[in-house]
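Peer 1: Copied straight from TrEMBL:
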- 40-239: domain 'Cytochrome b561' (DOMAIN)
- 46-65: transmembrane segment (TRANSMEM)
- 71-91: transmembrane segment (TRANSMEM)
- 111-131: transmembrane segment (TRANSMEM)
- 143-164: transmembrane segment (TRANSMEM)
- 185-204: transmembrane segment (TRANSMEM)
- 216-240: transmembrane segment (TRANSMEM)
Amino acid sequence: MFNDKTSKQVLDMFTASDKELVADKKKPAENEWICMMEGIFNTLNHTMIGVVCIYTSWLCWINGFEKLYTWHVFLTLIGYHLLMAEGIVLLYSGNGWTQKLTHSHKRTIHWLVEAVGCSCCVVGIALEIYFRESTNRRHFSSTHSIVGLISLAFLALTLVNGLMALFAPELRRRIRPIYSKLGHYLTGTVCYVLGMVAIVLAYEKKIYRQNTITEGITMMTVFTIAVTVLSMVGVVKTVYNQVKTLAK
């Protein structure tokens, strides 16, 4: 016969085992819930990116593509709001259309998409500078243009340390790969966020006020802010993990 002490030990053992079983059952359920929420927000993000780009493209069509300023609006929006956003999101594990791709394939697509996006931004800003120069208008006289200029400077930095991150294995004798990648994430984040801020500020410009209603501008403002936040989720997670690695 078991004494009271032995019986208590056996009971505690079964209780602990039951708790572990319950915990193991909860983990898959929690993971499913997280994956479902990631899928919902990821779909919303892609939808809002598409809505803003299509809506603004329609406004540019109304304004006339024979005007250089229209091309400035169109190219910078496509560069920041579409290509840069999608280039960032595609690296995120919760992104639907790239989940089955290998990391190597994701990185290649990221570079191609970001290269085209950056080119659109540079050409779009260059056209606006040329337009202002040819019409004797002041350069960088508004908050929108100053924020856009700062974003352009960080874009140049992002391209430089992006190349360092791409060739990190070859440069590991000079600099640890984690430093080059972390630098790329940080400068890229500043570049992208400032570019999206410049777009939000641009919604008060004449091309929007004359060609759409107030509700349309409000919708695009809300969508652009939401896209910026949602697109940064994966980057924030990666930076947090890398900082934790460096702290060890």
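Cβ coordinates are placed from backbone N, Cα and C, and glycine is handled just like the others.
Automatic prediction, not curation, is the source of TrEMBL annotations.
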Peer 1: Kindly say whether the transmembrane segment (46-65) and the transmembrane segment (216-240) touch, using the definition of 3 or more Cβ pairs under 8 Å where each pair is 6 or more positions apart.
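Peer 2: Per Cβ check, the transmembrane segment (46-65) touches the transmembrane segment (216-240).
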Peer 1: For the transmembrane segment (185-204), find every same-chain residue at least 6 residues outside the stretch whose CB is under 8 Å from a CB in it, and list them.
Peer 2: 73, 76-77, 79-81, 84-85, 88, 121, 142-145, 147-148, 150-151, 154-155, 157-158, 161-162, 217, 220-221, 224-225, 227-228, 231-232, 235, 238-239, 242
Peer 1: For the transmembrane segment (143-164), could you work out the same-chain residues 6 or more beyond its ends whose Cβ comes under 8 Å from its Cβ atoms?
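Peer 2: For the transmembrane segment (143-164), the nonlocal Cβ contacts are 76, 111, 114, 118, 121-122, 125, 128, 171, 175, 180, 183-184, 187-188, 190-192, 194-195, 197-198, 201-202, 205.
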Peer 1: Using a Cβ cut-off under 8 Å, which residues of the same chain at least 6 positions beyond either end of the transmembrane segment (71-91) come close to it?
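Peer 2: The answer is 42, 45-46, 49, 52-53, 56-57, 60, 63, 65, 97-98, 106-107, 109-110, 113-114, 116-121, 123-125, 127-128, 131, 148, 188, 192, 195-196, 198-199, 202, 205, 207, 224, 227, 230-232, 234-235, 238.
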